[in-house]
Amino acid sequence: MARTKQTARKSTGGKAPRKQLATKAARKSAPTTGGVKKPHRYRPGTVALREIRRYQKSTELLIRKLPFQRLVREIAQDFKTDLRFQSAAIGALQEASEAYLVGLFEDTNLCAIHAKRVTIMPKDIQLARRIRGERA
């Protein structure tokens, strides 16, 4: 038997079209100005999941170096004025800070999941720190 080319067909499944109100019908019949195509948008959560996968793969520092350096210097001024830092020292502080924050956010996420939520909240961070023994 010879193969035949299949043609595309419209799907027949799905919901039946509802009757439109008069205002909607009038709005639809009005001519649209130009063929302006609305920009493509991903479904909520898709981009977030893509970013999670991207940042879990990578090893680079996520906080910019100069803002972090300014923060370190600002905090250090409370203890002693005119302190100087080697660039390696600031790098080590940033590496440790980011590792701590990533771990804290992982624990925070587990606390939110335990509460049957997907959104982390301040109370999740407080619980994670309490369990770790960082805050009594």
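The backbone N, Cα and C atoms fix where each Cβ goes, and this holds for glycine too.
Lifted from Swiss-Prot, the feature list:
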MOD_RES   Lys5  N6,N6-dimethyllysine
MOD_RES   Lys5  N6,N6,N6-trimethyllysine
MOD_RES   Lys5  N6-methyllysine
MOD_RES   Lys5  N6-acetyllysine
MOD_RES   Lys10  N6,N6-dimethyllysine
MOD_RES   Lys10  N6,N6,N6-trimethyllysine
MOD_RES   Lys10  N6-acetyllysine
MOD_RES   Ser11  phosphoserine
MOD_RES   Lys15  N6-acetyllysine
MOD_RES   Lys24  N6-acetyllysine
MOD_RES   Lys28  N6,N6-dimethyllysine
MOD_RES   Lys28  N6,N6,N6-trimethyllysine
MOD_RES   Lys28  N6-methyllysine
MOD_RES   Ser29  phosphoserine
MOD_RES   Lys37  N6,N6,N6-trimethyllysine
MOD_RES   Lys37  N6-methyllysine
MOD_RES   Lys80  N6-methyllysine
REGION    1-43  region 'Disordered'
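Taking the C-alpha positions, the distance from Lys37 (N6,N6,N6-trimethyllysine) to Lys5 (N6,N6-dimethyllysine) comes to 33 Å. A 10 Å cutoff on Cβ-Cβ distances gives Lys80 (N6-methyllysine) a total of 7 other Cβ atoms nearby, all chains included. In this structure the C-alpha atoms belonging to Lys5 (N6,N6-dimethyllysine) and Lys80 (N6-methyllysine) are separated by 81 Å.
Of all the Cβ atoms in the protein chains shown, 6 others lie within 10 Å of the Cβ of Lys37 (N6,N6,N6-trimethyllysine).
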